[in-house]
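Taken verbatim from Swiss-Prot:
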BINDING   CYS60, CYS65, CYS68  [2Fe-2S] cluster binding site
DOMAIN    19-108  domain '2Fe-2S ferredoxin-type'
DOMAIN    246-427  domain 'FAD-binding PCMH-type'
Amino acid sequence: MGEKAIDEDKVEAMKSSKTSLVFAINGQRFELELSSIDPSTTLVDFLRNKTPFKSVKLGCGEGGCGACVVLLSKYDPLLEKVDEFTISSCLTLLCSIDGCSITTSDGLGNSRVGFHAVHERIAGFHATQCGFCTPGMSVSMFSALLNADKSHPPPRSGFSNLTAVEAEKAVSGNLCRCTGYRPLVDACKSFAADVDIEDLGFNAFCKKGENRDEVLRRLPCYDHTSSHVCTFPEFLKKEIKNDMSLHSRKYRWSSPVSVSELQGLLEVENGLSVKLVAGNTSTGYYKEEKERKYERFIDIRKIPEFTMVRSDEKGVELGACVTISKAIEVLREEKNVSVLAKIATHMEKIANRFVRNTGTIGGNIMMAQRKQFPSDLATILVAAQATVKIMTSSSSQEQFTLEEFLQQPPLDAKSLLLSLEIPSWHSAKKNGSSEDSILLFETYRAAPRPLGNALAFLNAAFSAEVTEALDGIVVNDCQLVFGAYGTKHAHRAKKVEEFLTGKVISDEVLMEAISLLKDEIVPDKGTSNPGYRSSLAVTFLFEFFGSLTKKNAKTTNGWLNGGCKEIGFDQNVESLKPEAMLSSAQQIVENQEHSPVGKGITKAGACLQASGEAVYVDDIPAPENCLYGAFIYSTMPLARIKGIRFKQNRVPEGVLGIITYKDIPKGGQNIGTNGFFTSDLLFAEEVTHCAGQIIAFLVADSQKHADIAANLVVIDYDTKDLKPPILSLEEAVENFSLFEVPPPLRGYPVGDITKGMDEAEHKILGSKISFGSQYFFYMETQTALAVPDEDNCMVVYSSTQTPEFVHQTIAGCLGVPENNVRVITRRVGGGFGGKAVKSMPVAAACALAASKMQRPVRTYVNRKTDMITTGGRHPMKVTYSVGFKSNGKITALDVEVLLDAGLTEDISPLMPKGIQGALMKYDWGALSFNVKVCKTNTVSRTALRAPGDVQGSYIGEAIIEKVASYLSVDVDEIRKVNLHTYESLRLFHSAKAGEFSEYTLPLLWDRIDEFSGFNKRRKVVEEFNASNKWRKRGISRVPAVYAVNMRSTPGRVSVLGDGSIVVEVQGIEIGQGLWTKVKQMAAYSLGLIQCGTTSDELLKKIRVIQSDTLSMVQGSMTAGSTTSEASSEAVRICCDGLVERLLPVKTALVEQTGGPVTWDSLISQAYQQSINMSVSSKYMPDSTGEYLNYGIAASEVEVNVLTGETTILRTDIIYDCGKSLNPAVDLGQIEGAFVQGLGFFMLEEFLMNSDGLVVTDSTWTYKIPTVDTIPRQFNVEILNSGQHKNRVLSSKASGEPPLLLAASVHCAVRAAVKEARKQILSWNSNKQGTDMYFELPVPATMPIVKEFCGLDVVEKYLEWKIQQRKNV
């Protein structure tokens, strides 16, 4: 092992008692008296509230997103070794880092000392957008590099030993809602020694035509041996004490160093609430633990019995405090034991890397034993026949099998789980077994994310001892363990085990075993997707015995005949697993005509975002006497509010008051939103009208205390004499609960629908489509800070897309003139529409509380509250009738949409135009379109990226698919025959269609075949499907048409005395690169004066500053994908004014000097002449401010028929961006929008309970795309279409339209499922029971896909096999 001999006296000398914590953060020493620390304080709370290191962000508070990831370095003085790994600082308790060193992203490098290569490569690969997740990403990447280079021989110069596969996994636990992950992975891969930089995506370092050496010289330097980052300072090594033993009763945190000391503490604390602490990761799942007031915290990680590791011929024993990551490492060291390797591989899919690094095996098992946690570990270790050692309250040790332990009553508080032992599996035989017996072991899990970071729908682990006989494979013994399906613990299917023991495996035997299994593995009542989970149990059993036959292919009898060929598992080498490496290609043209506009320059502030120095609202230092707020919301859909009280009628710690509608000052109004159709209430008054409606705003002395206290609030309700709430669209229609849509916003007819239907040769009547909702999942939740100012004024810092409307809302709520309010927004950590209307009540509540208490008040809304109160995308139900010719040409379409607006209108009246606009991407002949906007007792829905358009576009695809199915014609032909001609495009879209040259969709349709090899790959897909039973592929290409509107936008450009330039716009930087495009436009426009300074040099002189509603008025909103170009145009107008003022000065200087004039001398002269060097403007689009965007995507997927898992093998996108203002920024928008669309179509299930309260309210229950769920090959071409005089330098929008193209994945999945259903039909002798047309729901989650492939597909297959044999 290379460990040094350890002198026992040395060990004893290191043991010491102490009364303070000593640790380092970014090399700085911190010492805190234990008596001054609340032991429940998390590391992220300390970092953000007590240190200047704000790069650590809070994204979820559950260990599920990675925004708070930091590097922890731990020194072992006995081994003189430093271990370094990432941790989730939102779960790690501050007291547990004693003697450790913490490195944050700004500790790796920053603008003062120089950025780290990780930061610079993230920036250069265009891998940051809103930037809120980027510091955590940076630390994850750095940790991967650090550990790869520590554990391998020195890498070649400039590179790391990190492999490309490891690079992908390095960020697999970090969530990003903006980028689509591809550039982040490429940035990390750029360090890998086995990657060619030229194979990576579009970046700032690699230019066409350059040789490899030139590119490498431009890459930010990385040298693992000379890094300026000191992750563990020397002073800490000198100070560190190996053990900390605290006996004093005055401290609430203790760290015993022996079991006896621990038991003594437990005995002394008899009757008090005690929390044993190791990794503390359980609080991410059991969040009520954070609210519980423990009187004593006992850190048990320094007790040798809990951290011991033993490996010998008996097996591997692991102390209960061994982390999951350490356990994986230990099991992998047992090179010749495949069972342990399989256990380790399965364990790598538990949680994510930074949770596994601190979460312990004992903690995981105890959660299963005490709280019925759906543990993977418990299941696989029961099957591995693991045993546990327990120390009872009487100090005696007992040993049980893990299975026995899990079945016992919950372990009492004074008994301890000491260790867990996995027996040796070196021998392939058991006592008394035949010499020819083979011992087999496999583990299984089905989860929405292949690489983990998601609970399993079902997990399982099987072991079997088998022998080969003349008539087949005999099962001598087996253990079949299932878990995570709603049972209390991992469950052995003993009836199935007993039945199989002694049996020769055959179709008939397996069918009977499956029948028994379905009776035995029954999900508990209330478990989600029970049928799917039961089906998975059958699948895993089937896969296990299928894999068994592959190992014993000599058998000639029964269903084992032919081994893997017959079963069909993985027989095609092209069948890709989700772990396949990502690859990509980009085809981009950088325009030089208006340089630097048109160039793919790095996003403004990208390195600041990566290092974590970019300031978001919650990063602003708290003003003196600052208070903190948390929302109290209703859990009932329609009820009178009788009272607000706390549990046990005891005011929680730190609470200063509760603000309700009664606290609105005289002259103020109870308004929470303003600026759209009607104003929403800030607080419910006498009656709450929906679950999730805000009732009050609790104010406390810290955010932690505010959040805890808000969860302890009890609302007393009364529903007597109230009508039942309206919770469905059908109830809304039945009760005429509808909002009026203004006539200009309603759907409109195109052509004569009656005539179109009469011309049809075929009709499909009354078909239906449904859509659920979607949550924004911006990484930064809603946040605001309100600071009272003199003369009854209020300054509010708001994370908003709509500063002007926030401003108006606050003024109206406080009853003050608008000039008393100032709203400032610098940047937003992701918006997607959710920081428009929904940001207003957050800022208004802070302002109201600040006004009442005359102290600053801020809030950072916790993730659960944010998910429950913000509404999300509009659910809808669609009914359509369509008429068409035999060649597939559609002649008429009638569409009726029921739209769930929720409680208030919000932006819902705008939705019909979006739905219809995107639907009209095809020529429907004649179109009748009508939308009913329904009022329900649910939280008001609002705009979410491509609102209405994404549903409208998909409605079109669903109709096309149904027509194709009806006619038994290739769906691609139906799409093609219904594409618009330019004439029909003008008919449907009027002036928005523009000129003939602007209609590029037919070009894209043909180009995608060449770009992606679409038609050739279709044939390959057909061949694959013909030769594979259990994996089916589908491929589909889908077009999109998206209408956008330009809005008036103000701007100001000021040149300061030193020649530096300040630009101000009211467009908000939310990650879309608005500041970057604005800077490019200013540099180009000012460069037209031609005074010896290039546009690129001018670019470095420009700073875009925060939005301020008193500095610039009439700012409207940042929405609709066009704010970047509108802001750029406003700035261009300003610059033109400045150039006009400067030209006479330049001319005079040239005449005076007779030589060239520099920029600095020109500005100096202008200042001497007192020329106004600040110009304001307001861009006002003319009547041609509307235009259409075009794109097309081809996606290929592979569906696992047995589990419902979908792997996106490849996506190719071609998007017409006009003449892109910045192709690097637009590429990021295209990829990010597409991946967010993937979430809507494939992953993100938005669920409510029977009262309309959102229950998918955490990272545990709501799954956005991750790096392992995006296309394995992801290619994008940005079409550089021609000049268009009515647009800003011929550019087009890119933020929202590409999201619609994610429907190509859904359509491809439908094609794959269709092939699976055809296969089932071929096994059915009477050809009944599986319709060829089906409406695949959105999202097509794993349970949905499996259901449509057939929950009983295994049984049908076996029945068919048995019948085939009988017929022979």
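Even glycines carry a Cβ here, placed using N, Cα and C.
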Integer mean pLDDT for the domain '2Fe-2S ferredoxin-type' (19-108):
96
Tally of helix, strand and coil residues over the domain '2Fe-2S ferredoxin-type' (19-108) according to DSSP?
19 helix, 34 strand, 37 coil
Minimum Cβ neighbour count within 10 Å among the binding-site residues CYS60, CYS68: which residue?
CYS60
Cβ-Cβ neighbours of CYS65 ([2Fe-2S] cluster binding site) (radius 10 Å):
29
Beyond the listed site residues CYS60, CYS65, CYS68, identify every same-chain residue whose Cβ lies within 8 Å of the center of their Cβ atoms for the [2Fe-2S] cluster site.
LYS57, LEU58, GLY59, GLY61, GLU62, GLY63, GLY64, GLY66, ALA67, SER88, CYS90, GLY136, LEU175, ARG863, THR1259
